[in-house]
Amino acid sequence: MSALTKASGALKSVDYEVFGRVQGVCFRMYTEEEARKLGVVGWVKNTRQGTVTGQVQGPEDKVNAMKSWLSKVGSPSSRIDRTNFSNEKEISKLDFSGFSTRY
């Protein structure tokens, strides 16, 4: 275990999908910015169904903070109706080196 893992607790990974008015409102840009502020890694992208989906990885407390942001805050012009989280699990190492927007 690295010192980071010990200091911050277990590493977590979670997939998410955000429903509501989340496309055309800079949601991905703000998600990327918030992830960088919190220090989590992963990705975000728009779906054909009008939702935003992605994955977040990092220390459990920071992943939980990002989950809260994805559920309640979002971008200033967005309207979040609901956010679904799935595949939440403990991981031994991060799969990403940063947070990016996928197309």
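A Cβ is built for glycine as well, from the same backbone N, Cα and C atoms used for every other residue.
Annotated features, as they stand in Swiss-Prot:
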| type | residues | note |
| --- | --- | --- |
| ACT_SITE | ARG28 | active site |
| ACT_SITE | ASN46 | active site |
| DOMAIN | 13-103 | domain 'Acylphosphatase-like' |
| MOD_RES | SER2 | N-acetylserine |
| MOD_RES | CYS26 | S-glutathionyl cysteine |
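Within its own chain, the residue listed as 'S-glutathionyl cysteine' has SER75, PRO76, SER77 as residues 6 or more apart in sequence whose C-beta sits under 8 angstroms from its own. Counting residues per DSSP class in helix, strand and coil order gives 25 helix, 39 strand, 27 coil for the domain 'Acylphosphatase-like' (13-103).
Cβ neighbours of ARG28 (active site) (same chain, under 8 Å, six or more residues apart in sequence): VAL44, LYS45, ASN46, VAL52, THR101.
The Cβ neighbour count for ASN46 (active site), using a 10 Å radius and every protein chain shown, is 18.
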